[in-house]
Amino acid sequence: MVCKGITMTKQVQILLTRPLTVNLGSDEHGRAITEKLNPGLQHVDQKVADNWFVKAHCQELTHEDVQNGELQEQLAKAQGDLKVLQEQSDKATETIGKLTSDLSYRDKEIANLKIQLAKAQQTPAVAETKPKEAAKAKEAPKEA
């Protein structure tokens, strides 16, 4: 794997108190190979860690530094996971709200349809009695 013009080798950890820009020589075209390092616990190429300038600005790593760095990485990952889960939760809450609204609308529509059905079922009974009454009226002799 090639990164910034240098071949990647074994990764090691270093602890920096301030940001550094390290000159690692030049590539086959004569361009300077530099690497910018941030303060704190860093994973770098062995070649970078062995650079005299880096060595001069590194602090000695303690077990606590390594643990702290690992905990910071785990915390950053957990915060990223939490953000993803929060976004999923927000979308699910929005979907639940929409579905609840749809369900409420459908419940009202069903109630209205039941009322219409009940009225429609009552109407034929009234309509059936009217033709019978009309037929009886036709059969009855007209008095003049």
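One is the number of the first residue shown, and numbering goes on along the chain from there.
Cβ coordinates are placed from backbone N, Cα and C, and glycine is handled just like the others.
Within the set 45-69, 70-94, 120-144, the record from TrEMBL flags 120-144 under the feature region 'Disordered'. Within the chain, the coiled coil (68-102) has long-range Cβ neighbours (under 8 A, six or more residues past its boundaries) at 13, 40-41.
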